[in-house]
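Asker: The following block contains the structure, expressed as structure tokens.
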Amino acid sequence: MTLVLFATEYDSAHIVANVLSQTPTDHCVFPLLVKHQVSRRVYFCLQTQKCSDSRRVAPVFAVNNETLQLSRYLAARQPIPLSALIASLDEAETRPLYRHLFRTPVLSPEHGGEVREFKHLVYFHHAAVLRHLNQVFLCPTSPSWFISVFGHTEGQVLLTMAYYLFEGQYSTISTVEEYVRSFCTRDLGTIIPTHASMGEFARLLLGSPFRQRVSAFVAYAVARNRRDYTELEQVDTQINAFRERARLPDTVCVHYVYLAYRTALARARLLEYRRVVAYDADAAPEAQCTREPGFLGRRLSTELLDVMQKYFSLDNFLHDYVETHLLRLDESPHSATSPHGLGLAGYGGRIDGTHLAGFFGTSTQLARQLERINTLSESVFSPLERSLSGLLRLCASLRTAQTYTTGTLTRYSQRRYLLPEPALAPLLERPLPVYRVHLPNDQHVFCAVASETWHRSLFPRDLLRHVPDSRFSDEALTETVWLHDDDVASTSPETQFYYTRHEVFNERLPVFNFVADFDLRLRDGVSGLARHTVFELCRGLRRVWMTVWASLFGYTHPDRHPVYFFKSACPPNSVPVDAAGAPFDDDDYLDYRDERDTEEDEDGKEDKNNVPGNGVFQKTTSSVDTSPPYCRCKGKLGLRIITPFPACTIAVHPSVLRAVAQVLNHAVCLDAELHTLLDPISHPESSLDTGIYHHGRSVRLPYMYKMDQDDGYFMHRRLLPLFIVPDAYREHPLGFVRAQLDLRNLLHHHPPHDLPALPLSPPPRVILSVRDKICPSTEANFIETRSLNVTRYRRRGLTEVLAYHLYGGDGATAAAISDTDLQRLVVTRVWPPLLEHLTQHYEPHVSEQFTAPHVLLFQPHGACCVAVKRRDGARTRDFRCLNYTHRNPQETVQVFIDLRTEHSYALWASLWSRCFTKKCHSNAKNVHISIKIRPPDAPMPPATAV
């Protein structure tokens, strides 16, 4: 049968109804497309609003071609009058199309009873016929509709309509338009004016030379559609195959699927694919779209899956994608490049002294004490900040001065003013640890301690009496060590020092031990873990740690290198969920202020990420175990994992520790045996908190409690030891147990004590950097980093944009920006609009802190962050709070300027502050102003507040 797609200049539904009722009018129908097939009947069609099984046109009436002579109108490119259609109407073929509308008999005395003739039925059901036509069919009356839907050129419209409307396929209009562009690579015909009449539009289509190419295009489109389906099916198969065999965490798996499709179907990749499958006029129809089969899948494998195959394999990841830079130092103790010559000393002091000796004070008392020290030593030593930062600097400094006060020339440290007790003088030659102690009612004191009684105050004398020095399992050995338990806190800082102590990280000191805050997020419904599961988890984590240590640093002997595990005590049975909080369990910013205006402890912060379970105990091993669960934790399982760096190896910058934690986070998900254990019970991604490796952050020490925020005076969730003995000490584990009880092995900045002798010790080394080549930033994982590479607009590098603002177009390729250049940019282009907004929209008591007579100092912290300080002689001062007027206002609020880029050369600057009070959300980042700074050759826009 022959199909004719037609249109009208008047309402098509009424015109069709006139044809059906054989009511002659002066209207015409305009044939647009014809699909010829030898037949006596011609079906006139309209486009349907809905398509079932990809049928997008349907007939509205049929005519006898012997009467109509359709070819005569097509050859003359003329419209068909309604009279010709009425004369040739084939009622036998047309009547079934509307039979469902004529179910109600119509009685008419004028027609001798029941109406049976078709035209009379249409007449009496005229409203139903019109409603049916309007609901089922699209009835455009203007060429502009066809142009806007199918294309603006002659070839685009004709070929798209022919394939999309007449061929039973599942392609969208956009897909067919792409096929047309690949088929007609050079010429798509003339542009059709949108103001053309329907007659002109019909004559253009009927006389178009592209009519001769319809059959070739249909064959090409079918082949191309088949090729596209095959390519996409292969991409689906590859993505699913990698997802099934890779051990990806749940969230990473979801992001991986999006990344994989964005990589395979990126714009540049599809343009290459179009060139591969473009129409070849010299090839046979069956040879079209057969070049380079599997193109998209092959490129996906090359650009992503092969990389992920290596990146998500532990051995390949550590060998190919992680690089470590270590600096070898001189072994001579008197050399300037030896650890001693470089001042790379760890904590001194005694852990088993005769008494507790040190400074204890709140933040207010600390500020007063540091002010006193500045007054006493101002002519000799540089002034200290009156905050925790100043205390950390004081306790880390190795600077000394000469004095004749004793009658002879001697040297003394500035710490002498902090701890003036003469007996402590020898202990002040080396750095001192700084701790935070959590007191009842959410109060905190800071401690700088030179001597303490660790073992005598913390452990019973007969603690190791029943610990065997023979071969024992880890589980049995752990159960032989019993610690006395306390639950009520004391208001005395000296007493509480041995119950709720946190070590404060000091970036001025080298790091000897890697302290990991490991919070394993449990799946919903997991409310209890068997003992075997917990210890197998620790053994698996130890295996991963040793694999990473051996790969990154060398000189690691897995059979003897110590890894110390501590687990947060389970909540009591009466607690339905993990009341102590969820991930990120012990770290906190530590610049606490007065007790009346201080921040929340870490528990409040932890609850943000808590995902409590509400189920019952689930078995995690295949063996049948009817004993009660060993661990009743819900939501998360908190571990502290501490291991020293290899012998004679230290880290000197917090970024190294954050990078190591990032590597470990990824490695934990790649160990096959460990993944098998973790997958049913947990979400192992990002279990290590990298935030604790910042200056002034603290982490709870092993054997210490947490304060219950609700009760105020009760302690809970003590960090208890789990002994995972290395193989070399399996026969005599007592020495390892003693090492895990030794405080010196559990601190960031203390050299390990009683480190087992190694067959071959390395020379003194400093870890300069650890870098993931694919994910150099600790803020983004592999998926996020790769996603940036396939986005439509790639963000310009910050160095490039800063250079453009400093030097114009000639400097946009600068390799690096110095701190001096960055300061100049901030002073000349960034700070003026920020200050203008401050003075216009903030209270005078806030803005006057940044205006004359105050002198501001801008201190770059990397390329994207600049600290704002006030100069006070040789000292620097911070600011009062920019948000509120607190009851005890202090100049301790840190202010920063963040710089970031977009896809253009515009530079975004944000002014933000960090206040340490509860009212300001306890050290949260508070953004005040964000402005967009256009390049130097563009006008400056107004600042907008955030």
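The backbone N, Cα and C atoms fix where each Cβ goes, glycine too.
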Asker: Looking at 281-320, 401-440, 841-880, 881-920, which one does Swiss-Prot call zinc finger?
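Answerer: In Swiss-Prot, the zinc finger feature sits at 881-920.
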Asker: Tally every other Cβ atom lying within 10 Å of the Cβ atom of Asp517 (site 'Essential for primase activity').
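Answerer: Around Asp517 (site 'Essential for primase activity'), other Cβ atoms within 10 Å: 23.
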Asker: State the mean pLDDT for the zinc finger (881-920).
Answerer: 85
Asker: Just give the helix, strand and coil counts over the zinc finger (881-920), going by DSSP.
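Answerer: Going by DSSP assignments, the zinc finger (881-920) contains 0 helix, 17 strand, 23 coil.
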